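Quick notes on the structure that follows.
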Amino acid sequence: MRLFVAIDLPRSLRETLAGLYGSLPGARWVAPDDIHLTLRFIGETRPDVADEVDYALRSLRGRRFDLALQQTGVFMSAGSRGASTLWAGVARSEPLDHLRCKIETALQRVGIAPERRRFQPHVSLARVDRVPDPVLAGWMQAHNLLRTDSVTIDNFTLFSSQPGPDRPVYTAEVDYELV
Ligand code: 2AM
């Protein structure tokens with residue numbers, strides 16, 4: 001199974017983000033229920049290793065923290081990752097970095113290969129490969145100052161991802177409480 005660890009965003013934040021939908025013709029928006037903040041992509045994992053991942057995450061003691069989204073940006077398509085992605089950024093915070101480090105340590109302890117890529121916390125909002133560049137640039141300028149209220153994050157989630165007919169299907173497998 002294909003796994004990743006993420007924060008399943010509170011409804012109020014998803015609603016704020018979903019309020020942007022429809023404002024950019026040609027964008028393929030992420031379904032509001034699927035909006036999340038990935039902490040660690042794990043990838044294809046054997047069932048026995050998935051059990052160990054769950055155990056490792058369960059044993060981790062993480063602290064709850066406040067999170068706000070700010071600004072928008074675009075990752076241009078890179079190889080197999082496919083379409084360019086429009087995202088909302090995450091205000092950098094020490095507790096978020098701390099949680100991510102704890103997750104990384106826990107995963108490495110059960111043999112998951114270290115993450116070499118730099119952590120760029122973001123919430124993917126839409127695939128925008130079909131949006132003409134000038135239209136995208138205008139939209140970005142108008143929404144660059146996006147800033148949501150801050151919300152308390154009191155859990156994180158192990159998700160599985162399966163290919164669906166038109167988009168991946170994300171399933172929340174286990175929630176882990178932050179204290
Ligand atoms: P994205 O939204 O920027 O594409 C499930 O695929 C989640 O894991 C997505 O949030 C995705 O980020 C993230 N992710 C990180 N690295 C990935 C990778 N190498 N392949 C697929 N998804 C990845």
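Just so you know, glycine gets a Cβ as well, placed from its N, Cα and C.
In TrEMBL, annotation is done automatically, which means it is predicted and not curated.
Within the same chain, the residues at least 6 positions away from His36 (active site, proton donor) whose Cβ sits under 8 Å from its Cβ are Ala6, Ile7, Asp8, Leu9, Val123, Thr157, Phe159, Tyr170, listed in sequence order. Here TrEMBL flags His36 as active site, proton donor.
Taken from TrEMBL, the feature motif 'HXTX 1' applies to 36-39. Within the same chain, residues 4-9, 67, 90, 99-100, 103, 121-123, 156-157, 159, 170 sit at least 6 positions outside the motif 'HXTX 1' (36-39) and bring their C-beta atoms closer than 8 Å to a C-beta of that stretch.
Feature annotation from TrEMBL assigns active site, proton acceptor to His122. The Cβ neighbour count for His122 (active site, proton acceptor), using a 10 Å radius and every protein chain shown, is 19.
Per-residue confidence over the motif 'HXTX 1' (36-39) averages 98 (mean pLDDT, predicted model). In the three-state DSSP scheme, His36 (active site, proton donor) is classed as strand.
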